[in-house]
Amino acid sequence: MKLIYRLFKKKKLVFKDAWNLVDIAIIFMSLACLFLYTKRSQLVKDFLQQIEGAKHNEFVNYFHLLYAEATLTILAAVLVFLATLRLWKLLRFLLLIKIAEKTLLLSAPPLFCLFLCQIVVILAHAFSGILLFGTQSDDFKNIPDTVITLVILSLNLHKHFHLEVVKSTLDHMYYSVFMILTLAIYTLYITVITICYSEARTFYSKHEEYNVVDYIKEQYRYYLELAKIKWLNIRMRGGDNDVSSHKHVYPKEDEHRYAKCLTLPSNRMSGMCFVGRCIVRNLIKGRRRGKAEITDIDENLIKKTIVNLFRRDSEEKDMFYMTNNEGSKINLVDDATLLKMEEVTKILLESDAEKRSKEGQKTLYKKLIAGHEQKINAMMDNLNVILNILSDINIDVDEDE
């Protein structure tokens, strides 16, 4: 059910995960095994009916039963392998499985080297075994048979061979050396695995034990929280079933956007600003009641105030937005404040892109600097060569001339 949900939800993205492909293969192979089992039962039933109806020892073909049995066995073996692999993946949270995986990862390189050494030993004894026993035993008649014989000998299955061919001292020495080397290699196998297993246990000794019961509890809590969130989403939608349609946010029309907007000419705002500065300057200590003299700064301020107050209204407008009114109180928000908020939002949204561009510029600068350094080093090398050449030149000047 989970795989079917993923197929409908993610579609093509499901096939990018190898474990999803393994799950699909297990499902199809299980159905194929079920079909072959029922088909084989039907074939056996038909075969028995043909035997009952046969006359005078008539031959009844049964080879199709062998083919069906062999196909079912091979398919079942592959299915068991894939299911075991998938089960290993599912049980990776167990500490025992983690230790086994860590042991395999740590022991893989040395075990591979030991395996190569064992192959070299077997091939070396195979060539010498053909020279010693090639004319006396069928087990050593060629290289493939000799290699198979030595592998089975290394597995201590010597009862399957005719050891009466081992007669001379050289033959006994050959057999003894091969068995001692094989025993030493197998001992090294066990030693490497034991050492790696102890390192894996030490590595996971600080981890808390996590078993199947803990996994079931964790999954139960997860799906319970997921069900609560889904239920809250349904309650918040208020019965809206159209979940697929996205609700975009669009800007308001101009007539609604500027409905509570006040505009003033820019020169009037500047004039009021200068009037305020004149008032503040007049309130400074020592300037009250006409005691202080008017400076050049005061004259310029008065001129700017008169120009902005009495000239024609400019086409440029300053906008102010009215917020919610509380009784007789009216709050005005300058458009410059909103523009500052817009700039801050842009900076926040574009910070990642700017970081990437800065990092790209840094890498570009580093490459340019490295290129310039290489050119400078080449020029220094050429200059050193020229200096060495010039230092070897001796100029003799006759004093008489």
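Each position is counted from 1, following the chain as shown.
Quick reminder: no glycine exception, Cβ is built from N, Cα and C everywhere.
What TrEMBL says about this one:
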type     : residues : note
DOMAIN   : 3-197    : domain 'Polycystin cation channel PKD1/PKD2'
TRANSMEM : 21-38    : transmembrane segment
TRANSMEM : 65-88    : transmembrane segment
TRANSMEM : 109-133  : transmembrane segment
TRANSMEM : 173-197  : transmembrane segment
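Counting same-chain residues at least six beyond the ends of the transmembrane segment (21-38), those with a Cβ under 8 angstroms from any Cβ of the stretch are 3, 15, 68, 71-72, 75-76, 78-79, 82-83, 85-86. Mean pLDDT across the domain 'Polycystin cation channel PKD1/PKD2' (3-197) comes to 83 in this model. Proximity of distant same-chain residues to the transmembrane segment (109-133), defined by a Cβ-Cβ separation under 8 Å and at least 6 residues beyond the stretch ends, is recorded for 139-143, 146-147, 149-151, 154, 165, 170-171, 174, 177-178, 181-182, 185, 188-189, 192-193.
Beyond its flanks by at least six residues, the transmembrane segment (65-88) meets 19, 22-23, 25-26, 29-30, 32-33, 36-37, 39-40, 43-44, 47, 97 of its own chain at Cβ-Cβ distances under 8 Å.
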